[in-house]
Ligand code: GLU
């Protein structure tokens with residue numbers, strides 16, 4: 001049975017709350033989202049039919065500021081998933097200390113089956129449905145799984161039409177030429193790297209030379225891989241939803257691999273030597289093909305699930321060989337798997353810390369839009385590093401103070417900040 005992410009979110013909340021003396025009203029408020037919108041999204045398809053999709057926007061709470069969180073397009077999106085993701089945004093935004101509450105949205109759709117025109121009409125139709133509930137000081141969407149800067153720009157345009165004035169700050173993750181922030185595209189992967197580096201440092205471990213296997217090679221996974229490789233880590237495996245490659249000596253040219261995936265639509269077979277990527281290079285590189293699941297249990301020092309929820313379950317948790325799990329996806333580890341990993345002393349760097357670089361730079365984008373500023377990339381990265389270092393330290397210190405795993409520690413940091421408002 002699929003692990004219900006909303007039930008898991010509740011269990012995580014209660015586990016952390018048990019370490020603190022919190023006002024009952026706060027815990028009760030966090031147990032339920034402030035508002036849940038479920039909308040029908042009619043779309044005119046290319047063949048002239050009108051198809052109706054289901055869309056969601058959950059506003060978990062705005063204790064610390066406007067609701068904030070991404071929008072995902074995926075066939076498995078449902079209300080419980082969006083509720084959990086919205087709750088995790090509340091926690092994440094408090095951990096990384098941006099002045100936002102938590103929200104999430106989604107549409108149950110396989111966007112890969114839509115034409116560009118259908119995708120645009122879907123996005124505009126969804127924006128019309130949720131427009132009364134969003135706004136720069138109310139609720140600010142952003143990209144998530146299968147959504148991107150172009151889609152964010154359609155949201156901004158559609159919302160601006162309805163609002164009667166151009167409103168760039170209604171959404172973050174826009175293209176740079178349309179009010180997006182420098183560094184937003186790299187932010188989640190780079191932020192994950194900063195967190196890992198800081199946690200390794202605080203726990204007295206060395207990073208250079210450690211091997212890493214990454215599940216998911218979208219925006220997050222591919223940028224994480226680049227940053228880690230530049231810092232001297234060895235990327236031994238990468239995978240996408242169709243499969244991947246395992247090269248124990250380390251994948252040298254990640255850019256060529258990314259281009260190969262772009263061209264062929266999949267990672268499998270992207271054995272690149274120079275700019276030539278094909279199967280005949282497999283032997284030269286000493287590599288082999290792997291499945292999207294196998295990537296998690298390969299011999300590697302660090303494994304980074306950067307795809308979807310429920311990647312690490314009680315079925316495969318015992319088989320994980322890595323001593324560190326860097327959760328770049330939201331909710332990749334089920335509750336039972338978490339227990340198994342903790343019992344085996346695997347260091348789990350939780351999603352609400354590890355992937356919070358994305359929303360940190362979303363905050364920078366929103367701030368620039370609100371103040372008519374434009375920051376340079378170096379400035380954005382320096383500010384991002386500061387935020388990630390501070391969040392990592394706060395979580396690490398709480399784990400020592402309360403003698404709990406980093407996930408509970410992150411929730412403790414967040415709950416304390418939420419209770420101060
Ligand atoms: N979807 C991203 C996340 O899960 C980013 C959210 C945002 O930037 O608002 O953190």
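Including glycine, each Cβ sits where the backbone N, Cα and C put it.
Less than 8 angstroms from the CB of residue 104 (active site, proton donor) sit 56, 57, 58, 60, 69, 70, 71, 72, 82, 83, 85, 86, 88, 89, 144, each of them six or more residues away in the same chain. Taken from TrEMBL, the feature active site, proton donor applies to 104.
Mapped onto three states, the DSSP output places residue 362 (substrate binding site) in helix. Taking a C-beta cut-off of under 8 angstroms and a sequence separation of 6 or more, residue 362 (substrate binding site) has the following same-chain neighbours: 68, 98, 140, 142, 172, 173, 181, 184, 187. Sequence annotations record features per position, and here TrEMBL assigns substrate binding site to 68, 92, 362.
Annotation comment: TrEMBL describes 188, 219 as NAD(+) binding site. In sequence order, 143, 148, 185, 188, 189 are the residues near residue 219 (NAD(+) binding site), counting only same-chain partners six or more apart with C-beta under 8 A.
With a 10 A radius on its CB, residue 144 (site 'Important for catalysis') counts 22 other CB atoms from all the protein chains. In the three-state DSSP reading, residue 144 (site 'Important for catalysis') counts as coil. What TrEMBL lists as site 'Important for catalysis' is 144.
Of all the Cβ atoms in the protein chains shown, 30 others lie within 10 Å of the Cβ of residue 68 (substrate binding site).
Residue 92 (substrate binding site) falls within a helix when secondary structure is assigned with DSSP.
With a cut-off of 6 Å between Cβ and the nearest atom of ligand 1, the recorded positions 104, 144, 188, 219, 362 reduce to 144, 362.
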